[in-house]
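*Asks:* This is the feature table in Swiss-Prot:
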type	residues	note
BINDING	THR11, GLY12, SER13, ILE14, ARG38, ASN39, ASN125, GLU127, GLY208	NADPH binding site
BINDING	LYS126, SER152, GLU153, SER179, HIS202, SER215, ASN220, LYS221, GLU224	1-deoxy-D-xylulose 5-phosphate binding site
BINDING	ASP151, GLU153, GLU224	Mn(2+) binding site
Amino acid sequence: MQKRLTLLGSTGSIGDSTLDVVARHPERFSVYALTAHRNGDKLVEQCLRFAPEVAVVGDANTAAHVEAKLRAAGSKTIVLYGPQALVDVSKSDGCDTVVAAIVGAAGLAPSLAAARAGKRILLANKESLVMSGAIFMDAVRDHGAILLPVDSEHNAIFQCMPRDENEHGGISKIILTASGGPFRTREPATLADVTPDEACKHPNWVMGRKISVDSATMMNKGLEVIEAHWIFGLPGDRIDVLIHPQSVIHSLVSYRDGSVLAQLGNPDMRTPIAHALAFPERVDAGVDQLDLAQIAQLSFEKPDYTRFPCLALALKALEEGGIASAALNAANEIAVEAFLERRIGFMAIAATVDAVLNALPNRSPNGLDDVLAADAEARRLAAEIIAKAPAPRVERTV
């Protein structure tokens with residue numbers, strides 16, 4: 001039976017990879033809705049190729065631009081805009097599968113709507129779980145939704161875990177691998193001078209700018225630890241992080257009998273996306289087979305928390321619980337945006353997040369409104385801290 005997809009965040013890197021897999025299997029997958037924020041021209045190209053019933057953008061001006069181009073090309077795709085439209089296409093009867101690939105807190109509401117509608121959810125928006133893990137997982141369970149992780153690490157763990165939840169007691173711990181990003185071996189004293197372009201040059205993966213910076217600070221790995229806690233139900237002290245520069249082993253599961261299962265593959269997001277799209281079957285993802293003889297060597301090391309303070313902050317937020325993870329995520333989003341706009345330096349990202357966590361009293365949220373209030377408060381505090389921060393040094397040009 002053909003799956004009907006709503007793809008949230010279709011113009012990003014996950015969206016590109018998803019549509020590449022979809023295009024390879026038109027008999028298996030069709031597109032009900034595509035969404036983008038402001039990249040209207042790319043969305044038009046996607047709509048003309050995949051003919052969704054609905055396209056959603058962030059604002060009225062972008063919607064008018066997209067609609068004009070689609071009508072001129074003879075497309076009948078309906079164009080909507082705004083947060084409610086994202087929610088509507090996520091819970092619509094027109095789709096059975098929602099690929100949640102919007103970056104950041106903006107992806108929470110539509111992902112939660114998909115869970116409450118009992119959809120099959122391919123989750124790439126880790127912020128949904130970082131901000132409101134208990135609320136989100138309760139919605140998945142209460143409404144019979146199916147959650148399939150798309151992040152390469154969590155998809156790897158999913159593949160290495162037993163399908164029968166009654167057998168999960170045999171798991172000792174899970175191990176998330178991390179490349180270490182572009183600054184794994186860089187002299188720590190020089191990190192203050194890192195530029196946005198340098199931070200966005202990931203050694204192994206092709207990703208968007210925000211997640212590339214998160215990888216460079218290793219905040220991304222910290223968020224993934226929190227995500228793994230909620231998806232797989234393990235406490236933080238049974239989730240390890242291991243630096244693996246080659247990005248060939250995507251994660252591991254250690255069992256009580258001494259066995260360790262690992263999932264390997266070339267670093268290409270089409271592999272976990274294809275796995276989640278077709279699960280429990282397997283389909284061609286367009287990815288080359290892994291040649292271990294050519295790679296020859298795999299290396300590992302423990303993370304350096306001094307070099308990567310954002311990772312330590314994320315682990316601390318998970319341990320503290322309450323609204324700490326939501327505040328961590330919100331402050332990080334504001335700080336990364338400021339760094340990409342060259343308003344703060346690279347090391348100020350961690351300093352900003354730390355300052356927000358120290359300034360914001362932790363508390364247990366009573367519901368989604370409390371989580372969103374904490375998110376807004378953390379963003380306000382982060383913006384205030386950044387406004388008072390000294391300007392970063394200007395790069396010399398020759």
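For all residues, glycine too, the Cβ spot is worked out from N, Cα and C.
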*Asks:* Helix, strand or coil: which one is GLU153 (1-deoxy-D-xylulose 5-phosphate binding site) in, per DSSP?
*Replies:* helix
*Asks:* Using the alpha carbons only, what distance in Å do you get between ASP151 (Mn(2+) binding site) and GLY208 (NADPH binding site) once rounded?
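*Replies:* A Cα-Cα distance of 14 Å.
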*Asks:* Cα distance, ASN125 (NADPH binding site) to GLU153 (1-deoxy-D-xylulose 5-phosphate binding site), nearest Å?
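*Replies:* Spelling it out, the Cα of GLU153 (1-deoxy-D-xylulose 5-phosphate binding site) and the Cα of ASN125 (NADPH binding site) are 13 Å apart.
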*Asks:* Pick the one among the binding-site residues THR11, SER13, ASN125, ASN220 whose Cβ has the fewest other Cβ atoms within 10 Å in this structure.
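*Replies:* It is SER13 that, of the binding-site residues THR11, SER13, ASN125, ASN220, has the fewest other Cβ atoms within 10 Å.
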*Asks:* Could you tell me the C-alpha distance between ASN125 (NADPH binding site) and ASN220 (1-deoxy-D-xylulose 5-phosphate binding site) in angstrom, no decimals?
*Replies:* 12
*Asks:* State which of the following binding-site residues has the fewest other Cβ atoms within 10 Å around its Cβ: ARG38, LYS126, HIS202.
*Replies:* ARG38
*Asks:* Taking the Cβ of GLU224 (1-deoxy-D-xylulose 5-phosphate binding site) as the reference point, list residues of the same chain whose Cβ is under 8 angstroms away and which are at least six residues distant in sequence.
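*Replies:* The list for GLU224 (1-deoxy-D-xylulose 5-phosphate binding site) reads LYS126, ASP151, GLU153, HIS154, LEU176, given in order along the sequence.
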*Asks:* Based on DSSP, name the secondary structure state of ASN125 (NADPH binding site): helix, strand or coil.
*Replies:* coil
*Asks:* Rounded to the nearest angstrom, how far is the Cα of ASN220 (1-deoxy-D-xylulose 5-phosphate binding site) from the Cα of SER13 (NADPH binding site)?
*Replies:* 16
*Asks:* Please list, in sequence order, every residue of the chain apart from ASP151, GLU153, GLU224 whose Cβ lies within 8 Å of the Cβ centroid of the Mn(2+) site.
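*Replies:* Output for this site, in sequence order: LYS126, PRO149, SER152, HIS154, ASN155, LEU176, ASN220, LYS221, GLU227, ALA228, SER251.
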*Asks:* Using Cβ-Cβ distances, find the residues under 8 Å from GLY208 (NADPH binding site) that belong to the same chain and are at least 6 apart in sequence, listing them in sequence order.
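*Replies:* The list for GLY208 (NADPH binding site) reads GLY12, SER13, VAL103, given in order along the sequence.
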*Asks:* What's the CA to CA span in angstrom from HIS202 (1-deoxy-D-xylulose 5-phosphate binding site) over to ARG38 (NADPH binding site)?
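*Replies:* Their Cα atoms are separated by 24 Å.
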